[in-house]
There are 2 protein chains.
Amino acid sequence: MTRGDPGPALVVCSGGLDSVTLAHRLSAEPGGVAALVTFDYGQRHRKEVDFAARCAKRLGVAHEVVDLTDVGRRIAGSALTDRTQVPDGHYSSRTMAVTVVPNRNPLMLSAAFALAGGQGLGRVAAAMHTGDHVIYPDCRPAFVDAFQAMEDTALDGVVAIRLETPFIHWSKTDIAAEAGRLGVPVAETWSCYKGEAVHCGRCGTCVERLEALHDAGVVDPTVYADRDFWRGEVARWKAGS
Amino acid sequence: MTRGDPGPALVVCSGGLDSVTLAHRLSAEPGGVAALVTFDYGQRHRKEVDFAARCAKRLGVAHEVVDLTDVGRRIAGSALTDRTQVPDGHYSSRTMAVTVVPNRNPLMLSAAFALAGGQGLGRVAAAMHTGDHVIYPDCRPAFVDAFQAMEDTALDGVVAIRLETPFIHWSKTDIAAEAGRLGVPVAETWSCYKGEAVHCGRCGTCVERLEALHDAGVVDPTVYADRDFWRGEVARWKAGS
């Protein structure tokens, strides 16, 4: 590291469109990326992990998959970790509340900070954006600020690590546009919460992904089981029903 | 829960004197204890876990042992998790700095909050005290306050969970006296960082434990490999050498 060089970042990467785009973006900036870290908390859309691995390979950086399944299996009540059915529909809808995993980001980011501290890295990056804010309190700016303040006390005199969330005030469409600008291979990212053979096209994140890539004008070669459901869903949601 | 009843707590319990005393204290107070949770992060003094299990059995509450070893093994550089030798000597000495596990409490408390959230519990309790403050920043009052503030944002609108640290302004001797008052079987707690057949009597936590129980006038039937080392060590430390 030279003066002014922030040093490489540890990027929390699920293999989804947002965090893969974040990894591509940071790898092209000063400091670069040291590694991607993916947390396995028993989420049913676990095949994301393969897409995070492919991203690390493309960028020529390390990939760490951290097993948090023993915590995950004890957290009942979220459709992402138990057998509750993942609902179809718009991501902003109230139906998506069943996908809240209580305290997911405090846990994952605390683990990421522990890893970064152990590896001498001064930056942890995560891809929260405005589309997450409505449903997930631990994706909001207030959480990001409070998390940094907490870590500043926890690591006082040990190490200094900065949480970077460059997309925190971006919409999903902004991220999709950035993916297009950076040439991110969007079909090499996984968003679907259902984790079946191909993207379902009907769950909240599929609808959000299809809408964002469309609105950003990005060509999307991803295969979806239902490629057109999102249009009606978005129309219904905008009409307020 | 009736009005004014805080509901039962999830107690973070390592099996050491402090957290076992905390569990006994809270189980005798309104609200009581729902469960003890012990985190296995690959610490070499893993036999603590058995002592936490015995405490849960005594109190008639559940005991959860959560596997965080995959995170722990990636955090190099602490004598508690790797092969660095655990130093002998006074707990407050600089030599104990090698026992710092970066971000240990953010990680463990985030996992505890996730568990509490999943189980509908509104209280998480932990046993940090003033003796921890010098070496471990994530045991200090500033950390506790910042952690609560962080969780208040992370769980906003989902659940409300309070972090309780009734010993945060207590000395180790205060805790030892409380253990005596409550009739905690102190030989049924494990403090030694070395994790051998019996307490070594020479490492930082053994010295601190022996001094505190002595100063509090609590009878200590614990077997130590070296029962008298602490006296000279404390005398040397008080003399400023």
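Glycine too: its Cβ is placed from the backbone N, Cα and C atoms.
Annotation note: B:SER19 (ATP binding site) sits in a helical segment as assigned by DSSP. Around the Cβ of B:SER19 (ATP binding site), a 10 Å sphere holds 26 further Cβ atoms from the protein chains shown. Per TrEMBL, the feature ATP binding site maps to B:CYS13, B:SER14, B:GLY15, B:GLY16, B:LEU17, B:ASP18, B:SER19, B:VAL20, B:THR21, B:LEU22, B:ALA23.
Look at B:CYS200 (Zn(2+) binding site): DSSP puts it in coil. Per TrEMBL, the feature Zn(2+) binding site maps to B:CYS192, B:CYS200, B:CYS203, B:CYS206.
With B:CYS206 (Zn(2+) binding site) as the anchor, the candidate binding-site residues are B:CYS13, B:LEU17, B:SER19, B:THR21, B:ALA23, and the one with the nearest CA is B:LEU17.
Excluding B:CYS13, B:SER14, B:GLY15, B:GLY16, B:LEU17, B:ASP18, B:SER19, B:VAL20, B:THR21, B:LEU22, B:ALA23, which define the ATP site, the same chain contributes B:ALA52, B:CYS55, B:ALA127, B:THR189 within 8 Å (Cβ to the Cβ centroid), listed in sequence order. The CA atom of B:CYS200 (Zn(2+) binding site) is located 20 Å away from the CA atom of B:SER19 (ATP binding site).
Neighbour counts of Cβ atoms within 10 Å were compared for the binding-site residues B:CYS13, B:ALA23, B:CYS192, B:CYS200, B:CYS206, and the top value is held by B:CYS13. Following the DSSP three-state reduction, the secondary structure of B:CYS206 (Zn(2+) binding site) is helix. For B:CYS192 (Zn(2+) binding site), the nearest of the binding-site residues B:CYS13, B:GLY15, B:SER19, B:THR21, B:ALA23 in terms of C-alpha separation is B:GLY15.
Sequence-distant contacts of B:GLY15 (ATP binding site), defined as residues of its own chain at least six apart whose C-beta falls under 8 angstroms from its C-beta, comprise B:THR38, B:LYS47, B:GLU48, B:VAL49, B:ASP50, B:PHE51, B:ALA52, B:ALA53, B:ARG54, B:CYS55, B:THR189, B:TRP190.
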